[in-house]
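**Student:** Quick paste from TrEMBL:
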TRANSMEM  39-59  transmembrane segment
TRANSMEM  79-98  transmembrane segment
TRANSMEM  105-128  transmembrane segment
TRANSMEM  148-172  transmembrane segment
TRANSMEM  193-216  transmembrane segment
TRANSMEM  228-247  transmembrane segment
TRANSMEM  346-366  transmembrane segment
TRANSMEM  398-419  transmembrane segment
TRANSMEM  431-452  transmembrane segment
TRANSMEM  472-495  transmembrane segment
TRANSMEM  516-533  transmembrane segment
TRANSMEM  553-572  transmembrane segment
Amino acid sequence: MDIEATRQNCKGESMAVEDVSVDWRGRPCKSNKHGGMRAAVFVLGLQAFEIMAIAAVGNNLITYVFNEMHFSLSKSANIVTNFIGTVFLLSLVGGFLSDSYLGSFWTMLIFGFVELSGFILLSVQAHLPQLRPPQCNMLEQQCSPAKGFKALIFFMALYLVALGSGCLKPNIISHGADQFRKDDHKQSKKLSTFFNAAYFAFSVGELIALTLLVWIQTRSGMDVGFGVSAAAMAMGLISLISGTLVCRNKRPQGSIFTPIAQVLVAAFTKRKQICPSNSDMLHGSRISTGASHTVGGTFASASNTINLIHTDNFRFLDKACIKIQDGSQLNESPWRLCTVSQVEQVKIIISVIPIFACTIIFNTILAQLQTFSVQQGSVMDTRLITKSFQIPPASLQAIPYLMLIFVVPLYETVFVPLARKITGKDAGITPLHRIGIGLFVVTFSMVAAALVEKKRRFAALESKNTLSIFWIAPQFLIFGLSEMFTAVGLIEFFYKQSLAGMQSFLTAMTYCSYSFGFYLSSLLVSLVNKITSNSSSGGWLSDNDLNKDRLDFFYWLLAALSIINFFNYLFWSRWYSYNPSLSPTPVHDSYGEDLDHNFISSSKHIGADNIIP
């Protein structure tokens, strides 16, 4: 389909999406009673309390695993990164269950209680001496790590938290975003505001966790700290339940994997067929809006989905839409014949994968700030003003969030309106721009970390001085700024590229980036130790003593990987193209206006204005 035909097709068809959201009793929602920011506030409450609970555990977990469970430093770091990686990997399970069977509300409620039970079990395990190995100083003695039943209880509690939090996370964002109707311009305009508000709630939760809750853990013990996390999680569930009467709910749409499989099987079965030059000849290319889009399973019910215009990328999948002309009037099986809309939905999923992959290194850097940087701070001078008041090393991670609770509102109230006047986009800049800015800035976090670690190590070994813990603040500040761009941009991008019945699952893919980033961190630590070890030393990160390790070299390696990843992102963001049907307004004459100006524009773009605002 050529450009002009695409324009006419967009202008000729209504792209409105019928709202089929229901209230808690399954009745159609009323615009004056349900949804909007007043309903999203309850979801934001869950966001703040849940992140408060798990951040207090995850960000100080390495201290507990090392000092109380007596695992080595490198193994402790891997336990933490594997735990956090599992949290985000399980978000795919939560997204699938929500979209396909349970709906976002029931998924959050069920797995919220699973997470709560994990916190309670952690608190019990940390409180009872018989469930922990004997007290031992890891820096001065050879301590026996937790084994058998003690280790079993610990990992059971830890992964109950992982299961609950993982299945909860994507649904918090998607359920909150579902409170705003895409077919209502005023509410659609507030969608980007919601994503910024969600990150603000996330920042507030992180800040409280890394200051007050970590301080409680340090002063009163980890058992009390885990108990406070359980209480915070309970408050989050209360917030979720309190919004039941005003929240809009999307019905589950059935398995999203069946239609994906149908497209792949049909395309493979007809791989020897030749695609027609005219896309109008493909099956389902002229179905009117609101019609059924598949013969078998569907991504979304016919009443709440839109036709997707045919695009030229991944042409091999179009073979799934070729109808065999053999004179027979029999309908082909849905495993042999699919519609254009069904195929285009699979194209969208494939297209977003490279963008997703480019954020993995970003989250590998995050893993270092939650593990090695915490341990880095533990061997620095933690005193603040007086000798009696000391800063828990894990609380250093609160610095970026302290900054962000001021920066995020400024971004929303100052930068977005200013950028909106320049670009004409509701969000100020596109999500792809936002991701790119963050991926570039994060490199400097590792540069700062490497320089500070080199200075700290030199001072400790040569000058016998201990640097102040505030020397590592810049690496946290820079990362916090980059996260505001990349993390929010990625979630906004994935949600806006998804269709009904896919929102939670595609949002969950953004959390998988965290998962792969933390798993890659564990792999890198092991590989670096293996490659850099020799007969006289065990590698850059093999000792429990940072003065003997070369953590600064490891940080430089991550900085190099980060800048390479940024240029990789530039390539894929230029390659990515939006499906024009995902615009709530028709394509207008500004087609391609960004092609020569924006570093993420695409030669296949239908204009950057066509992203859903």
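Positions of Cβ are set from backbone N, Cα and C atoms, glycine also.
Curation plays no part in TrEMBL annotations; they are all automatic predictions.
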**Student:** Would the transmembrane segment (516-533) count as touching the transmembrane segment (228-247), if touching means at least three Cβ pairs under 8 Å and pairs must be 6 or more apart in sequence?
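**Tutor:** In this chain the transmembrane segment (516-533) does not contact the transmembrane segment (228-247) - fewer than 3 Cβ pairs sit under 8 Å.
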**Student:** If we skip the immediate neighbours and take only residues 6+ beyond the ends of the transmembrane segment (472-495), which ones have a Cβ under 8 Å from one of its Cβ atoms?
**Tutor:** 173-174, 177, 191-192, 195-196, 198-199, 352, 355-356, 359, 362, 365-366, 369, 373, 376-377, 380, 396-397, 399-401, 403-404, 407-408, 411, 427, 431-435, 437-442, 444-446, 448-449, 452, 503, 506-507, 509-510, 513
**Student:** Given a Cβ distance threshold of under 8 angstroms, which distant residues of the chain, six or more beyond its ends, lie next to the transmembrane segment (398-419)?
**Tutor:** 192-193, 196-197, 199-200, 203-204, 206-207, 209-211, 214, 425, 427-429, 473, 476-477, 479-481, 483-484
**Student:** What parts of the chain pack near the transmembrane segment (228-247), using Cβ distances under 8 Å and only residues at least 6 beyond its ends?
**Tutor:** 23-24, 33-35, 38-39, 41-43, 45-50, 52-54, 56-57, 105, 108-109, 112-113, 115-116, 119-120, 122-123, 175, 179, 213, 216
**Student:** Considering only Cβ pairs under 8 Å, which range in 39-59, 105-128, 148-172, 431-452, 553-572 makes the most contacts with the transmembrane segment (193-216)?
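**Tutor:** It is 39-59 that shares the most Cβ pairs under 8 Å with the transmembrane segment (193-216).
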**Student:** What residues elsewhere in the chain lie close to the transmembrane segment (553-572), defined as a C-beta under 8 angstroms and at least 6 residues from its ends?
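**Tutor:** For the transmembrane segment (553-572), the list is 354-355, 357-358, 360-362, 364-365, 368, 372, 435-436, 439-440, 442-443, 446-447, 449-450, 453, 524-525, 528, 532, 540-541, 599-600.
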